[in-house]
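Per TrEMBL, the features are as follows:
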type	residues	note
DISULFID	Cys63-Cys391	disulfide bond
DISULFID	Cys257-Cys271	disulfide bond
SIGNAL	1-25	signal peptide
Amino acid sequence: AVAAMALRREAALLLLLLVLPPASAGLSGYFGTKSRYEEVNPHLVRDPLSLGPGAGESLPASCAPLQLRAVLRHGTRYPTAGQVRRLGELHARLLRRPAGAAACPAAAALAAWPMWYQESLDGRLAPQGRRDMEQLARRMAARFPALFAARRRLALASSSKHRCLQSGAAFRRGLGPTLDFGGDEVEVEVNDSLMRFFDHCAKFVALVEENDAAMCQVNAFKEGPEMKKVLEKVASALCLPVEELNADLVQVAFLTCSYELAIKNTTSPWCSLFSEEDAKVLEYLNDLKQYWKRGYGYDINSRSSCILFQDIFQHLDKAVEESKSSKPISSPLIVQVGHAETLQPLLALMGYFKDDEPLLADNYARQAQRKFRSGRIVPYAANLVFVLYHCEHANASQHEYQVQLLLNERLLRFHCSNDTISTYADLKDYYKDILENCHFKEECELPKVNVTAVDEL
């Protein structure tokens, strides 16, 4: 009986692949924050340790790196318990379909799909996530060998979330036993005040995180014409009344396609429900949420990250002072592991990926070429790296200390220089207001007067 059931399941899955068009390889570019790191660095598919094109772009030979400060997003993870519950709900609806529904191959095949996700996985790091971090560490050490040399101190910090702690440990393992960072089991410090600053910002929590009105654009898009079209198409493919589906259920089916690719490197049968145009609509839904909850939608989203931004510059300042005093750099390597929600506000605070007009429920078509695409900015294992250099033979004292910024291992242009290199003095001057006037406690205080959330934001 078990063998017969397995054969029926295989037959149903085969039927799905025969009847429905194959899942487009193009879907993987639209998974938003659930994107594989390889989507932004395709060369890693061929060689996970390749430094990729442009790896030779560096400073003049007279410049030596003094300090590296990296803020990482954890590696590939399993779905959260909530996502698993929604997928289970959708899968159960397909299982409850009448036995005579053989005329609906997609529904029959997906009902036969083995539902292997369990709520206990709840966002934990997947084996692929450990590989993401180990390989990132090896590439980083290859790019900056002088900083990752033996007997250099590594300060490793993380959010308290299990996936981040495990990512930090995997990053350390990736550096191998030859580097003496105080033993293989280097301690990972838990620092939620920096890596989960958003949890500690009362204004953000009350007016954005827990305020349904703050997500009005997201909710409006869920009910809009683009999503309605996707819902009708998926309902038709599954032979379900469209009333039985909603945007959240369709999105979880789409995300299952993304999880199977990221975690298992397989094309899930769930992918066959979606065309590339559907994927663009669902990516926009994801990006709308990121924009209004973590990006430019409300000032508090980015202003709450100034505690992390200022901490980065305090350590850079200290390294400059130590260098000027001819002292050894006390913290040459600082690596911190957080979340997409850690990196996205920080990049918004710095003014990156800002579009001329905001992302709204009714401007999907106009935003086709938008800069704000979360899958390009904060995929799994995303990383933002500040590198401070000391340059001998500088033609002026202000050119003695220079900085490069890398996002996902690619050089970012600075706003202050429109180049991939900036003097440290110019960079500090450009962000002077944030460094001097953004005070986390004051920014995050709830307003004393009784105003509505929308008025305040």
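Numbering starts at 1 and runs along the chain as displayed.
Every residue, even glycine, has its Cβ placed from backbone N, Cα and C.
Note that the structure is predicted; figures quoted are calculated from it, not measured.
Between the alpha carbons (Cα) of Cys271 (disulfide bond) and Cys63 (disulfide bond) lies a span of roughly 48 Å. Each of the disulfide-bonded residues Cys63, Cys257, Cys391 was assessed for Cβ neighbours inside 10 Å, and the highest tally belongs to Cys257. Across the fold, the C-alpha of Cys63 (disulfide bond) and the C-alpha of Cys257 (disulfide bond) stand 46 Å from each other.
Reported as a whole number, the C-alpha separation between Cys391 (disulfide bond) and Cys257 (disulfide bond) equals 48 Å.
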